[in-house]
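K.L.:
I'd like to ask you about the structure that follows.
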Amino acid sequence: MDNSVAPMVITDDGLQETAISSKKNPSKGRWRAAIFIIFVEMAERFAYYGVAGNLFTYLTNVLGEPTATAAKNVNTWVGVSAIFPLLGGFIADSYLGRFKTIIASSVIYLAGLLLMTLSVSVQSLRPHRAVFFTALYILSIGEGGHKPCVQTFAADQFDEDTVEEKKDKSSFFNWWYVGIVVGSTTAILVVIYVQDNVGWGLGFGMLAAAVAAALLLFLIGIRSYRRQRPVGSPLTRVVQVLVAAARKLRVNETRYGRGVYLDDEGDGGAEEGGRRGGTLAPTNQFRFLDKATIIDDIDASTKVRNHWRLCPATQVEEVKLLFSLFPIWLSCLTFATVIAQMSTYFTKQGSTLERSIGSHFSIPPASLQVCTGLTILVSVGLYDRVLVPVARKFTGLPSGITMLQRIGTGIFFSMLTMVVAALVETKRISVAIDHGLTDSPRTTLPMKIWWLLPQYMLTGMCDVFTIVGMQELFYDQMPEEMRSIGAALYISTVGVGSLMSSAAISIVQAITSRAGEKWLGDNLNRAHLNYFYSVLAGCSALNLIVYIWVAKRFVYKKIGCDDPKGEQKKAAELA
């Protein structure tokens, strides 16, 4: 097919428009463009984890915050940073487009890092604490524009209508996450050491330099990108379906209807290049929304369609896709709450243990997070090169296992992580008791920090399955006009989970204080952190049951007359 020829489409208002899809340009996109964007994401993750990875230590050691307060502040910042992408994704899809949003957010991010560097370097700066937290939340704003757009923009470089590029896209999500891990792991190995042993100003300054270099690199690849224009607010299309369905709630198609509005020629044809994915096949879920497609006497008597009374079937199916993802989103929140412990209480545990290597080097407690990154690097390679080909022989799926199966496996690992963490913490407490150090929280226990390795490695396994699976699911199953919002939705699970972790800490402290023995206090030897981990393990087990129930009822998106086999089939395979 000659992709240079742009087809003409007729909109429902009778207007002609040339449908041009920049993704069809064979001279742009694919790995030649995606590699630029992967390196940009690596630099951004380097900056983010350079802040987040050691933020708990800065709050407790430099600003002097109590342990629980610092943990809640870290969780709140991570939560806000992961929820802002919902706004950023909406702005990108509706107004600016992904390319311009990435540039704007990078500039904001750089400004936040420069202010943070200034706040920790100039001792006379007053009030120091207020400036630091202002810089911290400027980073959240930058994160809000960056996160939902960069991954989606990179995935857009692969054409879903081409078999070869579709296969490349499936592999892309794995290697995209490898890039993220390389950036974050480098920050944990290098930046955290510099912050703890050289100076916080130099540490944060390195992050600002990385973001500036990333912005320059992104602009170097500008001619190779496949770019899409914003198509207006995608949420308007969702509200239109809800309003139209509500207005016809009492309409019976067989008695009062004049048929169903299918709009085979593409109602959204005027929207940038039409719908490259084709018409969505009808489904039986959320049947009340189908009322929006019924043509009644009022619709039949008008020459121009009222978008708030009558919606095409594909638009209705898009809203169904959004609704069907919401239960999956909810069932991943407990998983995110578990993962939030890595940057807070895991670090606190490490600070009480023997961390020396030889006589001159001591491991920063937050640096053990590098083990999570290394686990991900190894596991993603094994997953992509070993597990997927083997599973493909049994399932016939290009991805080996379904996206929901992958997410569910990670949720199981999150439960296992908390079980192991509780057992290790019980061992740590017994060592403190045996050596009479229960009331000496600042004394290093005669127990190596390597005892924490299993829980860090299991956290990495959680990410390989659930985080990567969610990335792919919330990209693949979202309507094309809402994919930036889809990326923001998956990211927001981390944010809401972090806020839930803060809430859980406050609730546990309030309840146990009334019982007479407060959990999660500053003295970790008496904080009963093992009990807290056990509670999270129990919640994860219940959540896994709920997730399986939800996943078995999920129906994958199907385009037109796609073969019902493969990954478009009902996700009952999870069982």
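Even glycines carry a Cβ here, placed using N, Cα and C.
Curation plays no part in TrEMBL annotations; they are all automatic predictions.
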K.L.:
I'm validating the feature mapping. Which of 376-395, 456-475 is tagged transmembrane segment in TrEMBL?
P.N.:
456-475
K.L.:
Take the transmembrane segment (404-424) and find every residue of the same chain, 6 or more past its ends, with a Cβ under 8 Å from one of its Cβ atoms.
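P.N.:
Distal contacts: 328, 331-332, 334-335, 338-339, 341, 346, 349, 451-452, 454-455, 458-459, 461-470, 472-473, 530-531, 533-534, 536-537, 540-541, 543-544, 547-548, 551, 554, 571, 573-574.
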K.L.:
Counting only CB pairs under 8 A, let me know which of 321-346, 487-511, 531-550 has the most with the transmembrane segment (76-96).
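P.N.:
By the under-8 Å Cβ criterion, the transmembrane segment (76-96) pairs most with 487-511.
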K.L.:
Please report, as numbers and ranges, the same-chain residues at least 6 past the borders of the transmembrane segment (200-220) whose CB is under 8 Å from any CB of it.
P.N.:
36-37, 39-40, 42-44, 46-47, 50-51, 54, 58, 62, 102-103, 106-107, 109-110, 113-114, 116-117, 120-121, 187, 190-192, 194
K.L.:
Look over the recorded stretches 321-346, 456-475, 487-511 and say which has the most C-beta pairs under 8 A to the transmembrane segment (531-550).
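P.N.:
So the stretch in question is 321-346.
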K.L.:
Can you say which of 321-346, 456-475, 487-511 has the most Cβ pairs under 8 Å with the transmembrane segment (175-194)?
P.N.:
456-475
